[in-house]
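Have a look at the structure below, then the notes.
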Amino acid sequence: MTQDSALLQAPEPMLRDGSNSRKVFIKTYGCQMNVYDSTRMSDALARDGYEPTEDMEEADLVLLNTCHIREKAAEKVYSALGRLREMKKKKAADGREMMIGVTGCVAQAEGEEILRRAPAVDVVIGPQTYHRLPEALRRAQQGQRVVDTEYAIEDKFEHLPIAESRKIRARGVTAFLTVQEGCDKFCTFCVVPYTRGSEVSRPVSQIVEEAEKLVEAGVREITLLGQNVNAWHGAGPRGEAWSLGDLLYRLAEIPGLARLRYTTSHPRDMDDRLIEAHRDLRALMPYLHLPVQSGSDRILKAMNRRHTAAEYLSLIERIRTVRPDIALSGDFITGFPGETDADFEDTLRLVEEVRYAQAFSFKYSTRPGTPGAELKDQVPEEIKAERLERLQALLLKQQQEFAESCIGKEIDLLLEKPGRMPGQLIGRSPWLQSVNVDAKASQIGDIIKVRITGTGTNSLFAERAEAAV
C-alpha cells in the first residue's frame, strides 16, 4: 500500500478535551533491531502526543513489534491478539477506546491475514514502513483498517525523528543504532530475506549524525545493528567506497563515545579493514558475535552458508592474531534436515576448537517459504532435542570457563544501572558480561577500573581498583 510521503507530515490530531496526551504500550519480541525499531516508533508517535507507558491497562494504543525467526511465532502473536481483543472490548464497554497495531516481521509475513484472523487489529505495519505508523493510525481513527507492508521507496530514516536528549538520557548510557537492514545471503533456514528484504545500508552522514546526538545526550557505548551488519557499505567524504571497518574508524573519532560494538555478522563479510579495526581501535570492544550454525561442511553447504568450517576457523585465527583478548560468540542449529550423527560431531569439534565465551543454540524449526522447509530427511524432534542438550552443555561449560578465567583481571567497566544492594552498580565488561561492583562514589556512565573477584550464574563480581577514567 503505497502512500504519498507528504502524508507523513500531517498535522497532529487533538483529543476531545483539546489535549494531545495519550499512552502507547509497545511489546517488543525478538532481536536487538526490534528493540531499536520500537524506540524509533515511540519517538515518531511522540509527535502525535503519545507518551510511552509500561502499563498496558492504561494504554490508548498497544503495539506488538513482532519477530518471525522461530517456529510458531505467528501463533504466539495471534494468541496475544486474542487477549488484547478482550481488553479492547472491556475498555469499549467502559467508554474508552483502545487501538491495536501489529508491526515487525510477523506483520510483514502475515499482512492481510492478521486482519482476517484478528478483527480487533486496527493497523498492520511492516518493518520497512513503520515511519508511516502515525499516518496509518490517523486513518484507523477514521474507521479504516490499514495494512502497509510494501517496501517503501522513500528512506524511512529520513522521516523518523531522533528523540530529544532527555528521552535518550532516560534510556541509559548504552544505545543501539541500526546501520544496515536486510540480507542477501538466503541461508536456507532463514526468513530474514523475506521479512526484512534485500541488504540496505544507511548513509554515513545519517549514521554519524544519529551517533553524535546519542553521545551528546550522554550515551557512552553504541552497538551498531544489522541483520548482516558487516555487509554495510557506503561512501566516504571523497566518494570513496567504505566498508564497516571504515565506518567504525569514523565513529571512533566522536568525542565522548567510549565504546563501540556491532552485531550480527556473517563470516563471508569479515574483510581486512574490519579486522584492522579490531586491531587498532581502543573503542571497539574485544567481543565478536560471528554465527557459524554448524561445523559440518556438508550441512553448511545445505544451509547455503557459502563457507567451510576450515574457512571459519581460519578467520577466527586471523582475528585472534590481531586481538588476542577477543571473546567470541556464535549461533548454532541442531537437527538441520539431513544432519547425521557424524555431522553433529563435526559441530562439537568446531566448538571445542574455537572455545566460545558465549553462544546461542536452537533446534531447527521449519520456516514456511524457506528452501529448508522443502528439504527431505527432516530430523526427528527427539534427536534434535538430544543434540541440542549435548551442545548446550558444552557451550555452558565453555562460558563458565571463560568467566572463571576473568577472575583476578583488572578491566574497565562501564557503569550502566543500579544494582540490588545499596551502593552497588551494574556494568558491562568489554566482553559483554554483566558485572556487579560496590561503587558508592561513582555515577552511571562512569568507566572505572575494577578487579574481577568472582562469578555468579549469569554475571561477574568485582571490586574497585582505582578512580574513574
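Glycine residues also receive a Cβ, built from the backbone N, Cα and C atoms like all the rest.
Under the heading domain 'MTTase N-terminal', Swiss-Prot lists 22-142.
Secondary structure from DSSP puts Cys31 ([4Fe-4S] cluster 1 binding site) in coil. Cys31 ([4Fe-4S] cluster 1 binding site): 19 other CB atoms within 10 A of its CB, across all protein chains. As annotated by Swiss-Prot, [4Fe-4S] cluster 1 binding site applies to Cys31, Cys67, Cys105.
The domain 'Radical SAM core' feature in Swiss-Prot is assigned to 169-401.
Following the DSSP three-state reduction, the secondary structure of Cys190 ([4Fe-4S] cluster 2 binding site) is coil. Residues annotated as [4Fe-4S] cluster 2 binding site in Swiss-Prot, with sequence analysis given as evidence: Cys183, Cys187, Cys190.
Across all of the domain 'TRAM' (404-466), the predicted model scores a mean pLDDT of 93. Look at Swiss-Prot and you will find 404-466 tagged as domain 'TRAM', backed by sequence analysis.
Residues Tyr29, Gly30, Met33, Asn34, Thr66, His68, Ile69, Ala73, Gly104, Thr195 surround the recorded [4Fe-4S] cluster 1 site, their Cβ atoms falling within 8 Å of the Cβ centroid of Cys31, Cys67, Cys105, which are themselves excluded. Using DSSP to sort the residues of the domain 'MTTase N-terminal' (22-142) gives these counts of helix, strand and coil: 63 helix, 25 strand, 33 coil. Secondary structure of the domain 'TRAM' (404-466) per DSSP, as helix, strand and coil residue counts: 2 helix, 36 strand, 25 coil. A gap of 15 Å separates the Cα atoms of Cys31 ([4Fe-4S] cluster 1 binding site) and Cys183 ([4Fe-4S] cluster 2 binding site).
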